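Following: one structure in structure tokens, then a few remarks.
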């Protein structure tokens, strides 16, 4: 949701605290265009080395049983690989020296600039070189892969209640005071405002130790002084070397520190793990108290996105690498690439492959689906090891309205007080209240009310001022705040914004207004207002000058929330499946998104210097919308699952969230999906798995899933190795040969809690393995087949003991030739109350 120089480069990099390799003294004499490249080496990174050490250790009689309920398994399997680096402080600097040596040998006497050494999840570096130098590096035998850096972009008071946390998930964990305790969530975002009360560590009398498995540090800068971190905010760094080398880093706006100059990162961190019970006061109005999903979880910030330009993969990968090395339990990414990754598969890109290594280290990874919906294949998060979250509405809305003197009521938006209930006020259009009528000829935008000196105070005082809302507001050239300032300076009783007819289909979020006011977002409703106003004017018969303003109105106000709307529904902007496997838009046999969560109109913390939303500038909280807001809801809920089941793998957490998701809205009907940007509530139909994945998150049920479908790093590797021609690419990214994996599997055969078949050639059989993490239970199996397909599942009934596994065999047969995607479901119904839902999607069918 982000919007789209003072020193020599090297001095700038040192000034901002980056360790950079010294520029070679020899002058190459070339003015060739340079760019940032991400170079990975064939030797395995540190995390893989420590994993191998553990495997050897386990082969000597210290094995770890995957479904063991003891927490010792978590320490052995997950934390030792990530924490060993703390006990080898020289390992990172040694690898960095190896990278420097390689660069010196490959680029003898030439200029280059190394930005980062990656050594934990990826063995490689980011370097500023010419295309010719990049080609030289690619030919070195030590080098596996050279990829051009690419850009990325940024993609609550009531949602805990809507998700049933106070009486459900939180109460199971001992209440909000312990919900998420001991779990560290890492955020790759725009930073954080450490002064916000949502991140204080002294609001509870309970002890609040920093988890022993976390080893991160806090940068200290002018904007982020010593003491900014505490037992809640346990780590904070920033990564901007790639941006700085491009000369686009604006230090006065972007801050070379973890401090959030945008607002987005502060917002997402508080959605996931902000403190409980923080008052939300905006424009002087109180909107309730805020809480994160896991209010006792800890926060670690890895700033790699910036207000003025977004971000770059080299900086994001550096943040991911550091987060894994520090020992975070969960990584939350409210960012997506600006373009679909090129190559043989979308999965092979530096960010997704770094996240695969994070998953190998036991870290659950959450990513926003992207705000590029509602068209099919608009998905911006691709890989099966990443948990992709779409955005849905929740049931709170702020409704405002204006009641005209002819008894017509027009709906609108605006977090504003109303006028006195028993009084009607005269309406006066800004263009009819000018001090000098020649202004209108000189300034076509005067009706936007941006300058009080243009208007006649005597005419406006005590009346409702009508202002136009044009495309200039959308572009940030005019602001609501400035119009409100004009209205206040002129003594207006309130302000009414009508929508310029040229602003077609623009979706307007509720905006805080300090005085009575309303914004009418519909051009058609705006016409009704203006027709009434113009028809009520009395003019002099000869001069045609206005002698009386006859239109009157009152504003009901939009401070009171309404909880009666149908929810959830999938928002029009939420990116949709099917998951594109490659840049030619072939479909992958992987369901995306994984599920949907609240992402629309979310109240959460805001940076004191946040500028991403001009309407909330200077406020402590902001209401934002996007899949960026949905992803941290899941990061926080995953922390609750990780707290209850510390031995769960990332895939097990994903399974618990997916199989328990809800298919129905709060009124009992099917969840709907908005299908158009214009009039989205009119253009909607029942959501499919390509809109909502497994459904809408059910936080309480996810803490008691009964059965889980698990996958390992080796499963993901077998899947990648099964992609035609992928062997060299897999070797380049992971340092591992595909021949190690004796058998490869197709994506439909991954043990995911969903089944997607992009091409059904007559028939196909797949298997799913479920493991019981609850008590002994007998399950019945039911299903509905996708249109044009017959489905048979065996067994149709099974008993499964605690800790046992059961294989389900699912046979698909095409009964017709059809190219339209169709959907079905498998349901598992346990006699102890557990219910699991596995969505089925089949696209092309050939009978």
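Cβ atoms are placed via backbone N, Cα and C, with glycine included.
Taken from TrEMBL, the feature signal peptide covers 1-26.
Under the heading domain 'Inhibitor I9', TrEMBL lists 36-154. Mean pLDDT, taken over the domain 'Inhibitor I9' (36-154), works out to 71 on the 0 to 100 scale.
Annotated compositional bias 'Basic residues' per TrEMBL: 76-85, in sequence order.
Look at TrEMBL and you will find 180-669 tagged as domain 'Peptidase S8/S53'.
The Cβ of residue 189 (active site, charge relay system) has 29 neighbouring Cβ atoms from other residues within 10 Å, across all protein chains displayed. Positions annotated as active site, charge relay system by TrEMBL: 189 (among others).
Residue 264 (active site, charge relay system) has a Cβ environment of 30 other Cβ atoms inside 10 Å. Taken from TrEMBL, the feature active site, charge relay system applies to 264 (among others).
Here TrEMBL flags 628 (among others) as active site, charge relay system.
The domain 'Subtilisin-like protease fibronectin type-III' annotation in TrEMBL covers 749-842.
In this structure the C-alpha atoms belonging to residue 628 (active site, charge relay system) and residue 264 (active site, charge relay system) are separated by 8 Å.
Between the alpha carbons (Cα) of residue 264 (active site, charge relay system) and residue 189 (active site, charge relay system) lies a span of roughly 7 Å. Taking all protein chains in view, 32 other C-beta atoms sit within 10 angstroms of the C-beta of residue 628 (active site, charge relay system). The helix, strand and coil residue counts that DSSP assigns across the domain 'Subtilisin-like protease fibronectin type-III' (749-842) are 1 helix, 63 strand, 30 coil.
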